[in-house]
Amino acid sequence: MQNLFIKTYGCQMNEYDSERMADLLAQSHGLTLVDDPQQADVLLLNTCSIREKAEDKVFTQLGFWRPFKEKRPEVIIGVGGCVASQEGAKLRRRAPYVDLVFGPQTLHRLPDLLDACLAERHPQVDVEFPVLEKFDRLPQRPGRDGATAFLTIQEGCDKFCTFCVVPHTRGREYSRSMPDILREARSLVDQGVREITLLGQNVNAYRGGTGLIGVGGLAELLERLSRIPGLLRLRYTTSHPSNLDDELIAAHGSIDILAPHLHLPVQSGSDRILRRMHRKHNVEQYLDKIARLRAARPGIQISSDFIVGFPGETEADFAATMDLIEAVRFDQSFSFKYSQRPNTPALKLKDDVPEAEKDARLAILQGRINGLAQGYAQALVGTRQAVLITGPSRRDPQEVTGKTACNRSVNLPGSSAWAGQMLDIEITAALPNSLRGRLAQSDPTAHRLAV
Ligand code: 5AD
Ligand code: SF4
């Protein structure tokens, strides 16, 4: 047994978890990641159940892998993530050839599960929520590009929005302690990481032990992280509007390495729908927080998640969402058609917006958001931006790729020796999904700009 293949669906937390799985199995069983599933001895699927479409993909993918096991019965197939958590042992009814089922909170037990499966020649299922032991047992390392990394600081969610499966699959809110996070961040920076994105399902609900007496919130953690020498940029995702408190708003004004960009999902611009979604905030409160954020950090870009076609959403409710988009002028955002999820309270509401109407609303909303995002990108042309170079461009070895403060990719002619540097780049063009630029400073090794 030597080769491992992992396919990941869903959010950044899943990507982070998949990297940890690869590290764990490299340490415990000497497994090496391969790009071709047919070469793999262990195949893992890290699943997402946030929306219906994401879940459907799981069983389709397992169907593709089934023949590998028929050809080589010693192949191990494992399913982790939120679908595993939601379905547990039931998953094997639909896909009996699956050997391992583990949840987001038991992925650290993967080496033991694999051993048990091999020793007993029997499938293993472990989808408990022993969140406390998880972080202690996970190895850490920078992301693949070496200059950026994700760092999970919080997991789970206690908000129970009526449409959302997360509180049921990822469990209750849990925050890691500040000393643990600071230690991990310092070690990432020592390994060359220059930008850290703090992750959590409800990251701004973070309340972790300070290492002294008591607990502190995200603003305090960001402030402590910003003092790490060599760390050039900080981000955090995903936030809930009701946890964006005064302290955190002030942090956006006072911490200069905090990127001037915030993903703050609103879901709908109709108070009636927000109530039905159990979102705990209304439109006025959301707008007030955005206004205060913009006062604290002029120019901050805001992105969001939207759901169209939530049960009972009328034309007028949808129009209110479009009005909110005009009022806030969101940057690149995510939008989805509502889909019913297992165990969620919204199942009691009739899914009454016809599919064709959901499609039409989604197209209108996405058209407007894409137009706004393209406008922001165009406005960058001719300006100079602090761009963190992450490494060689995938398409052209003569070029490098980097990221702006507002989280856009920039490609430019350059040397991969620039990786990990924050450079002064003139933006020369805005393409649909990326920017082009050129070096605006003379010697890239001589300057390191602040964000
Ligand atoms: N239907 C559609 N979209 C959903 N999301 C979460 N649950 C559902 C659902 N049942 C979206 C929300 C959330 C994002 C991660 O996924 O917009 O912010
Ligand atoms: Fe889901 Fe709402 Fe929690 Fe976000 S805040 S993870 S949408 S329940």
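Think of each number as a place in line: the chain as shown, counted from 1.
The backbone N, Cα and C atoms fix where each Cβ goes, and this holds for glycine too.
A quick note: this is a predicted structure, and the numbers were derived from the prediction, not measured.
Pulled from TrEMBL:
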DOMAIN    2-119  domain 'MTTase N-terminal'
BINDING   Cys11, Cys48, Cys82  [4Fe-4S] cluster 1 binding site
DOMAIN    143-377  domain 'Radical SAM core'
BINDING   Cys157, Cys161, Cys164  [4Fe-4S] cluster 2 binding site
DOMAIN    378-441  domain 'TRAM'
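A map of TrEMBL features onto the structure.
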residue	record	Cβ within 10 Å
Cys11	[4Fe-4S] cluster 1 binding site	19
Cys48	[4Fe-4S] cluster 1 binding site	21
Cys82	[4Fe-4S] cluster 1 binding site	28
Cys157	[4Fe-4S] cluster 2 binding site	22
Cys161	[4Fe-4S] cluster 2 binding site	21
Cys164	[4Fe-4S] cluster 2 binding site	22
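Each residue contributes its Cα atom, and for Cys161 ([4Fe-4S] cluster 2 binding site) and Cys82 ([4Fe-4S] cluster 1 binding site) those atoms are 17 Å apart.
Same-chain neighbours of the [4Fe-4S] cluster 2 site beyond Cys157, Cys161, Cys164, judged by a C-beta within 8 angstroms of the site's C-beta center, are, in sequence order, Lys159, Phe160, Phe163, Val165, Val166, Pro167, Gln201. Checked against ligand 2, the binding-site residues Cys11, Cys48, Cys82, Cys157, Cys164 give Cys157, Cys164 in sequence order as having a Cβ less than 6 Å away from one of its atoms.
Mean per-residue pLDDT, taken over the domain 'TRAM' (378-441), amounts to 94.
Excluding Cys11, Cys48, Cys82, which define the [4Fe-4S] cluster 1 site, the same chain contributes Tyr9, Gly10, Met13, Asn14, Thr47, Ser49, Ile50, Ala54, Gly81, Thr169 within 8 Å (Cβ to the Cβ centroid), listed in sequence order. Selection of the binding-site residues Cys48, Cys82, Cys161, Cys164 by a Cβ distance under 6 Å from ligand 1 yields, in sequence order, Cys164. Of the recorded residues, Cys82 ([4Fe-4S] cluster 1 binding site) and Cys164 ([4Fe-4S] cluster 2 binding site) place their C-alpha atoms 12 Å from one another. With respect to their backbone Cα atoms, Cys48 ([4Fe-4S] cluster 1 binding site) and Cys164 ([4Fe-4S] cluster 2 binding site) stand 12 Å from each other.
Rounded to the nearest whole angstrom, the C-alpha distance between Cys157 ([4Fe-4S] cluster 2 binding site) and Cys11 ([4Fe-4S] cluster 1 binding site) is 15.
Recorded residues Cys11 ([4Fe-4S] cluster 1 binding site) and Cys164 ([4Fe-4S] cluster 2 binding site) have their alpha carbons 14 Å apart, per Cα-Cα distance. When the domain 'TRAM' (378-441) is classified with DSSP, helix, strand and coil residues number 6 helix, 33 strand, 25 coil. The DSSP breakdown of the domain 'MTTase N-terminal' (2-119) into helical (H, G, I), extended (E, B) and coil residues amounts to 67 helix, 23 strand, 28 coil.
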